[in-house]
Amino acid sequence: MYYPFVRKALFQLDPERAHEVTFQQLRRVTGTPLEMLVRQKVPARPVTCMGLTFKNPLGLAAGLDKNGECIDALGAMGFGSIEIGTVTPRPQPGNDKPRIFRLVDAEGLINRMGFNNHGVDNLVENVKKAHFDGVLGINIGKNKDTPVEHGKDDYLICMEKVYPYAGYIAINISSPNTPGLRTLQYGEALDDLLSGIKNKQLELQQKHQKYVPVAIKIAPDLLPEELIQVADSLVRHNIDGVIATNTTLDRSLVQGMKHCDETGGLSGRPLQLKSTEIIRMLSAELNGRLPIIGVGGIDSVIAAREKIAAGASLVQIYSGFIFKGPPLIKEIVTHI
């Protein structure tokens, strides 16, 4: 496969520049006959989750296609689902560059992107043009300049706009790169947010005559007692699923490596065991009451199987896709 050569060229570039170059090419082929250049045939492995049928259990995690610009090209590679975003009500530039760093030896990434995106209206226009036949998840967040105590309003604005076009909606309250965002995972703040989201979901179900499931994306840095409280809140508010996990602030597995002390969330292989353990604890606590989408350091069939064995119904990749490329999709879907 050609990807090792592509990767070698891309890894000569700054990580964000490499992403821009890749997306320039993908934008050229998405929705055109040139999609055949990136198309991969993968076997059907249907899975039902959150009331939806996924053609296979492997999805692309949020963060790669923040604005939904390359949905069809990415879909052609064989993903059963694609999660676009995180998107916010208004466009925002994100944090200052440089803001993403490769830990090549560890096959990890540290990012402090800060929800850079073109805004929810732009994303919706892109989604309208897409023809992806898998499940499209839309991951939503709050603007950086929205006070945390008013954060719920941003989620409800985004829900209203993406609801007609989403297969499911992911609520990102676990990015470490938006000040105060992770506080929404705790206690009354979480209950208030989930209550508002559930009410809005039922209101939009009536309006559009279709039910779009909602999943909450959580951090891997929650303590066991905090995880129990989160699980309890998700069940009480009849949330449809949980995505475990986002990036970690923990650097214990990358000490001494170049860029290890950069501020931001760590993803990739160093997150693998930590996220799997969160899934295992969450699964024991939920006891089948709502499904788990497993993400964090999946870079092989074995790593994907470990997430499923720990209790995940579906899995997603991001950093593994950067390091291994499209062949990883085919490998996981074929052998999982």
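Including glycine, each Cβ sits where the backbone N, Cα and C put it.
The feature FMN binding site is assigned by Swiss-Prot to A62, G63, L64, D65, K66, T86, N139, N172, K217, T245, G268, G297, Y318, S319. In sequence order, I84, G85, T86, V87, N116, N117, H118 are the residues near K66 (FMN binding site), counting only same-chain partners six or more apart with C-beta under 8 A.
Taken from Swiss-Prot, the feature substrate binding site covers K66, N111, R112, M113, G114, F115, N172, N177, N246, T247. Every protein chain considered, the tally of other Cβ atoms within 10 Å of the Cβ of N172 (substrate binding site) stands at 26.
Under the heading active site, nucleophile, Swiss-Prot lists S175. The secondary structure of S175 (active site, nucleophile), as reduced to three states from DSSP, is coil rather than helix or strand.
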N246 (substrate binding site) and S175 (active site, nucleophile), Cα-Cα, nearest whole angstrom: 7
Rounded Cα separation (Å) that holds between N246 (substrate binding site) and A62 (FMN binding site): 10
All-chain count of other Cβ atoms within 10 Å of K217 (FMN binding site): 26
Distance, Y318 (FMN binding site) to G114 (substrate binding site) (CA atoms, angstrom): 17
